[in-house]
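Colleague: First the structure, then my questions, so here it is.
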Amino acid sequence: MNGGDDAATSGPPPSLEWRFSQVFGERTAGEEVQEVDIISAIEFDKSGDHLATGDRGGRVVLFERTDTKDHGGSRKDLEQTDYPVRHPEFRYKTEFQSHEPEFDYLKSLEIEEKINKIRWCQPANGALFLLSTNDKTIKYWKVQEKKIKKISEMNIDPSESSNIPPQLVTNGLPADKGHDYLSKDFSFPPGGIPSLRLPVVVTSQETNLVARCRRVYAHAHDYHINSISNSSDGETFISADDLRVNLWNLEISNQSFNIVDVKPTNMEDLTEVITSAEFHPIHCNMLAYSSSKGSIRLIDMRQSALCDSHTKLFEEPEAPGSRSFFTEIIASISDIKFSKDGRYILSRDYMTLKLWDINMDSGPVASYQVHEHLRPRLCDLYENDSIFDKFECCLSGDGLRVATGSYSNLFRVFGASQGSTEAATLEASKNPMRRQIQTPARPSRSIGSMTRVVRRGSESPGTEANGNAYDFTTKLLHMAWHPTENSIACAAANSLYMYYA
């Protein structure tokens, strides 16, 4: 996807071999998973040294990288030295309760505590900052190490009190005058007050992580919040629900600006809803949002205060004669992500990953079929509501690969560079490669000067490549790619698995 002429002459990079790195919260055989422990959001920070997860119980858990601290340098620096390159290692840092269950008495509506999204903000003065949201309320958190203060001893030794001249300790006045002056109100012992002993507070070298909520952004969404995204200006962010996108300033919690509103005058005329929204990683005036009809709109906030019109519309024309009852349901986009340079947008609908060039709105430059073999079972998936599952997607920092999840705790990794045939299936377990399949791409067809590629998966209906039946109760919805390395974090129920290549 990136690399220009050099990549074209050297060919696509070789396929990666993925290895297990770590697991947090691993389940034992037969252990029942509590609903509140299921992970619902994952996000790396920009440096890749911190990872945050949110769960359905409203908690945010932070992890920090440890392998770079051992040698005091980044992984890139270590690769240029004689140190053996170790795989990325993270450790538990802290956790805090971000959201609590609430009840909206005006609408008689329960608001669950589940964390929908987490986004990291710019760190400052050694403190970490992040945004977390549930269905209705966004919170801005500051996480900082603070030194623990302890009471060590009293300030004056009792034995020293006898050496203090009595005339100097009576209310700051000479003993004789002070006693006479206050004798009407107070009674002092003869000779004045003995020395006052106060505890001495000493700052120890021990530190404690403290999470403090700095802002609460509430009462701005009538519908469930599905997305939050930081602007590259470091000062603003957007939040999106089914019908609106709002713009916030991080420092102002009681005011937001509605920049996108797709709510019709008559709700009976509603044909699509907003499913995901994301700021451009470089240009703070541009953002994209996806819809339940499978389209992506790129808007420029400089055009007008309310962005009713889009700068570009990305949608794939429907193939003639292919429409069915499920066509519109599976076309709904569940997640979009910009590439690091902002040139491409990756989208995930129920069956496919699609890669879009923002300079070409005629169609995606590549499509990756995630679980095409489930198409004959769409009726079953509709009946058990699995067809409405919202899978996330992610891109590698170099833009050469894309990834997304599937059922049976499987996830797919595809090569995104021109000519690549990489298409791996991995399992969220300690042996990720045991179900791997490598399937060559179909012949690509040209669109103008670009190339559209379609990569297919296993074709056996309702089964995995090794013949096992798909388990629709175990699904890998949430995953994140490290910003600078080939390292993936993914959530399988309450377990966080990490892999590297």
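Glycine is no exception: its Cβ is also placed from the backbone N, Cα and C atoms.
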Colleague: Per Swiss-Prot, which of 47-74, 159-186, 439-466 is region 'Disordered'?
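Modeller: The listed stretch tagged region 'Disordered' in Swiss-Prot is 439-466.
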Colleague: Looking at the repeat 'WD 1' (34-73) and the repeat 'WD 5' (328-366), are there 3+ C-beta pairs under 8 A, with each pair at least 6 apart in sequence?
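Modeller: Counting Cβ pairs under 8 Å (6 or more apart in sequence), the repeat 'WD 1' (34-73) does not reach the repeat 'WD 5' (328-366), since there are fewer than 3.
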Colleague: Let me spell it out: take the repeat 'WD 6' (471-501), skip the flanking residues so only those 6+ beyond its ends count, and list any with a Cβ under 8 Å from a Cβ in it.
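Modeller: Tertiary neighbours of the repeat 'WD 6' (471-501) are 16-27, 33-34, 37-44, 46-48, 51, 53, 55, 75-76, 87-88, 90, 340, 381, 384, 386, 389-392, 394-397, 401, 403-411, 413, 426, 428-429, 432.
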Colleague: Which residue counts does DSSP yield for the repeat 'WD 2' (110-151) in the helix, strand and coil classes, in that order?
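Modeller: For the repeat 'WD 2' (110-151), the helix, strand and coil counts are 0 helix, 28 strand, 14 coil.
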Colleague: Determine which residues of the chain contact the repeat 'WD 3' (220-258) at the Cβ level, with the cut-off under 8 Å and only residues 6 or more beyond its ends counted.
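Modeller: Residues 116-117, 119-122, 131, 133-136, 138, 140, 273-284, 287, 289, 301, 305-306 contact the repeat 'WD 3' (220-258) from elsewhere in the chain.
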Colleague: Residues sitting near the repeat 'WD 2' (110-151): Cβ under 8 Å, six or more positions beyond its termini, same chain?
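Modeller: Residues 40-46, 50, 52-60, 62, 94, 96, 98-104, 199-218, 221, 224-230, 234, 237, 239, 248, 250, 253 contact the repeat 'WD 2' (110-151) from elsewhere in the chain.
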